[in-house]
Amino acid sequence: MAREFSLAKTRNIGIMAHVDAGKTTTTERILYYTGKIHKIGETHEGASQMDWMEQEQERGITITSAATTAQWDGHRVNIIDTPGHVDFTIEVQRSLRVLDGAVTVLDSQSGVEPQTETVWRQATEYGVPRIVFANKMDKIGADFLYSVQTLHDRLQANAHPIQLPIGAEDDFRGIIDLIKMKAEIYTNDLGTDILEEDIPEEYLEQAQEYREKLIEAVAETDEDLMMKYLEGEKITNDELIAGIRKATINVEFFPVLCGSAFKNKGVQLMLDAVIAYLPSPLDIPAIKGVNPDTDAEEERPASDEEPFAALAFKIMTDPFVGRLTFFRVYSGVLNSGSYVMNTSKGKRERIGRILQMHANSRQEIETVYSGDIAAAVGLKDTTTGDSLTDEKAKVILESIEVPEPVIQLMVEPKSKADQDKMGVALQKLAEEDPTFRVETNVETGETVIAGMGELHLDVLVDRMKREFKVEANVGAPQVSYRETFRASTQARGFFKRQSGGKGQFGDVWIEFTPNEEGKGFEFENAIVGGVVPREFIPAVEKGLIESMANGVLAGYPMVDVKAKLYDGSYHDVDSSETAFKIAASLALKEAAKSAQPAILEPMMLVTITAPEDNLGDVMGHVTARRGRVDGMEAHGNSQIVRAYVPLAEMFGYATVLRSATQGRGTFMMVFDHYEDVPKSVQEEIIKKNKGE
């Protein structure tokens, strides 16, 4: 099958937002107007097309990023729906990694909310161009210009309206296009009948003012436009559109649009903006990777003529076809039935069938071209972030960073039959979601699952029950603490055993130093002159890694420590890998006496919205929970308090806030960083873990 849409006419976009900003409804409307759905599904009726897992339909939130393909104005638009809830950040990160552009949906009553900040920050890290859609203009309290202001204040974004609303709340009836300087008036409920008229008299002055601001902002990003602007020459609409496109693709400018997806207003204009301002695969830099055979850096430009290279960004288990691997093709062409190399794992994979996904239905295709997104059936060893490439032109593309889990639960199967099924279920769920970890406590035999938050683990336990029919008892959530060293030290680990026959002998000197936050464990071999033979060096590193998994203070995994093996000795006959592993673990224990070991706890960025009258209570809550306030701002009759609070102190806070504010207060929290726990708390944790 020949290529249907050229690369220039392809858009890979994500729709990202805070939970409840109306993202799924917006995606639904896109699918409706692009002819993919015949009836519109509402999230609050639990009938949405993109939310196809049962839990999503019940909770009215989007958990898995379903990839959908649609057509608009002669272009192919691949849409990845991303979740807005903070517990599912990996889903957002995975989708951002394979997108070329994104639409950020705001609730125009609230503007930028905490999760919007998190997703925006991630999109900035990945260099993703964005347009902003201020949604819910029909809602009470909707304020378009306030939303634009929050983009400046909270995100320091160079964002400017390219539209203005006509009316707001119940009176929201149309949109002013600041480029054409025309009014688009909606005359029916489905938003399919649009009248283009002159701008109403009472809005003309405001429209002229904001068009002038728009031209000035765009001119500042382009020298030629700036010269014209300063010399008072007229900038044509075509020049303005080209200027906006260039600045948006360079992530220097963010066009802001408005509408109400629920009331079917503004979605088609937003689709026009996706085509006009967001990049095609040709507009973004060629993806870079490393050749696994030569270690040389290589590029893969977007072209069907280049060798095949793709990134697997999502694994899903489908009840009908089994394991689906979603992938983005960066270069080359892939045919079903062919073989590819998984360069991340060094394994050859056969592509069984290739499917193009539409929310919950699928179309089988023979060939997928560069710049496209599809799902493959039949890949056995591929996991999230793996590179799939031509066998003759191997390359490893930059993978997807996985955040560490911050919360854990104990799960216990209800019966022996459940025990076997639970192992399989947890393994499958962990394959789909890299932020979900499963560990078995060697001493107690308990199974512990860890994830990004309570909702995250709730959903996974729920899926285990529904999809895999496993009945399990679930313990109370526990915080995932970590341990580290705060001072440098040198320590000896000496192990010698003589008990008839072959003895054991291992002797090492290791220097331990604190590592930068987030850098993890780093091992350096600085042995000179073979005082520890080469074949035993890996055993020393392994011995340290195994010991660090259980910490030195309270049994928590150690992070951010450098270990330099610089001296030692061995015995010709008695030295073995086991002896050096034990010696390394003894060195770690010895180091703990002088390296100032510390317990680290996850700190959450908590945003609390409460009525002005309850501000004192809220500040009291933060202080009582060992938190520190980072900032406050007024919004209508409410106050928004931002604070850093330990996760350990946040369990049950929803109930406390509800009763203090008569149900009017809300809060959101997102993991921010790890921090040392105070000495008194550290002593309590150690006591508790030693069962005192």
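Glycine too: its Cβ is placed from the backbone N, Cα and C atoms.
In the three-state DSSP reading, MET137 (GTP binding site) counts as coil. Around the Cβ of MET137 (GTP binding site), a 10 Å sphere holds 29 further Cβ atoms from the protein chains shown. Per Swiss-Prot, the feature GTP binding site maps to 17-24, 81-85, 135-138.
Annotation comment: Swiss-Prot describes 8-282 as domain 'tr-type G'.
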- [ ] Provide the number of Cβ atoms within 10 Å of the Cβ of ALA17 (GTP binding site), excluding the reference atom itself.
- [x] 27
Open item on the list: Need one number: mean pLDDT over the domain 'tr-type G' (8-282).
Closed with: 83
